[in-house]
Amino acid sequence: MSTTPKNPAAGRDIVLPQDPARLAVAAKGRLRASKWLLLRRVSQALALVLFLTGPLLGVWIMRGTLASSEILGVVPFTDPLVFVQSLAAGHGLIATAWIGAALLVALYVVFGGRAFCSWVCPVNVLTDGAHRLRVRLGIKQGLQISRSARLWALAAVVAVSALAGSIAWEVVNPVTLLHRELVFGVVFTGSLAWMLIGGVVLFDIFAANRGWCGHLCPVGAAYGLIGTASLTRVSARARDACDQCMACYHVCPEPHVINPALKGGEGETPVILSRDCTNCGRCIDICHRDVFAFTHRFDHRTVEPANDTEPKSRPAAPAAAE
Amino acid sequence: MTTRKGTGQGGPSRRAMLTGTAKAVGVAAVFGLGLHTIVAGQATVKAAQALRPPGALADERDFLAACTRCGLCVRACPYDTLKLAGVADEAPIGTPFFTARDVPCEMCEDIPCVVACPTGALDHGLTDITKADMGVAVLIDRTTCLNMLGLRCDVCYRVCPLIDEAITLDMRPNTRTGVHAIFEPTVHPDACTGCGKCEKACVLPEAAAIKVLPREVALGSSAEHYRLGWEEKRKHGEALIQDTIDLPDRGYSPDHVESTPSGGLKGFKP
Ligand code: SF4
Ligand code: SF4
Ligand code: SF4
Ligand code: SF4
């Protein structure tokens, strides 16, 4: 799966830039080097603001929470994982919920399953922050958790729903807990919610790199499964221009997804097809040679490097270390 | 997550994979057990205490299987009756409930909360709010209720949307004065919707003397193994056993006092 570094010994000498955005900022300016990140933060803020205009200003755009909601009192949404848990618990659900779940699945098939994670989920803002802090504090050690742990967690969540006959994950789900706390303004009554969310953040800072969102969260895993068919995908279309600066591996929340696309040989697609990719677009921002771009999953074209520069002969680095 | 060492000859990586899987199953099982404990604990401990919105599936387990804790019912309620439970509240976290003493259910004719529910946790079959069953009011403190003290407060009775059906004032002698009556607020569980307007209106300073409780908490199970003679007689049209010998009652002359149909004493005037 991973390409062997051309010069394994050299790997150790590479000092990842303290600020992985340095080269990109130099090449294209701070704004363009954070374009998708900013858009993402706007989108995540909207996922709260649109729910809050109602209670605060009386202008109802979205009602409900991320578990089930309603746009303008017409279009229903139901979180697919909550939906599946309810079915597993033995409730048939009425048409609204079926339509709502189908709409969300369709939406995320188009925009990328885990686009939920990077564009909507409020926990993501916190875990991104936790990651930054971890890097800043220089914490290297951590639990080694399998990336597939979240699938097991997902299976356990559905199994417990079936056993307990109740939508199990909603009792502790940090995603909807946080969203509900914020949207329903019960911020100071739900100490458990804050303990859980604080726990997730501390876990990510001190215990495991990208521990929650990258390895454990069953909600992310469920959206990941939807993402198996995502239409919108990132392509390393200009991969020939890559000079091995490693910035993309450094910022990607799921760095293992980059390798097959970026290091793929002739005839292998440059599209990042892994369901784990969150379509956050941070690699697009951070790449100072504009290797990456959003496209659709069937676009297997590669493009020649935009400018004449040859790939710099930096020593190749080892494949993304976690 | 293939480790560099593991990618070697197939053998070790296969073993690594198997132990990895075993570990994952183990951890997932532990996680599942923990989750199950929390879920089951919340459902059983808290179920009995909460008043749910109209139409909520009667069995708490069914309700928790259906309710996504989205709060659309809460948003739909024009009186801000409903709330989503926080950790300290009496309902499992995130589920809708109401506290009758704070804001009771106003029994909206169009039942917007039920209409808004996207999952069927609130049964859309409920279209007549008078058939709702959020709980049953119980005159829980007969020592502080003003009517029970012989005063004429009557407030709980007056505010009931189903006055004279769900709640009546049943009159009986005030044995303290000997000349007055006590008008006992009496709830009829078949008609009471559990809206809690009585509890809200009760004039006592803090806790109300009349409270809405979930039906399972409020009511005993009916004595189905008993035949009620008067019911049997009514169904039958006459006494089941005929020709019993009616012995004269000593010292009792029925000319002065007659029974009223409701069983009260006719000669008695409050
Ligand atoms: S992995 Fe879970 S917590 Fe993280 S962003 Fe995705 S849904 Fe949110
Ligand atoms: S019937 Fe009306 S007042 Fe009662 S809970 Fe529903 S919306 Fe609120
Ligand atoms: S609208 Fe239905 S699913 Fe949503 S919180 Fe209320 S009862 Fe639960
Ligand atoms: S709860 Fe009280 S006010 Fe509401 S229906 Fe029952 S007796 Fe009447």
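From the backbone N, Cα and C atoms, a Cβ is placed for every residue, glycine too.
According to TrEMBL, the features are:
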{"type": "DOMAIN", "residues": "B:57-87", "note": "domain '4Fe-4S ferredoxin-type'"}
{"type": "DOMAIN", "residues": "B:183-215", "note": "domain '4Fe-4S ferredoxin-type'"}
{"type": "COMPBIAS", "residues": "B:247-258", "note": "compositional bias 'Basic and acidic residues'"}
{"type": "REGION", "residues": "B:247-270", "note": "region 'Disordered'"}
Helix-strand-coil residue split for the domain '4Fe-4S ferredoxin-type' (B:57-87), DSSP-based: 12 helix, 2 strand, 17 coil
Within the domain '4Fe-4S ferredoxin-type' (B:183-215), residues counted as helix, strand or coil by DSSP: 6 helix, 9 strand, 18 coil
Average pLDDT across the domain '4Fe-4S ferredoxin-type' (B:57-87), rounded to a whole number: 90
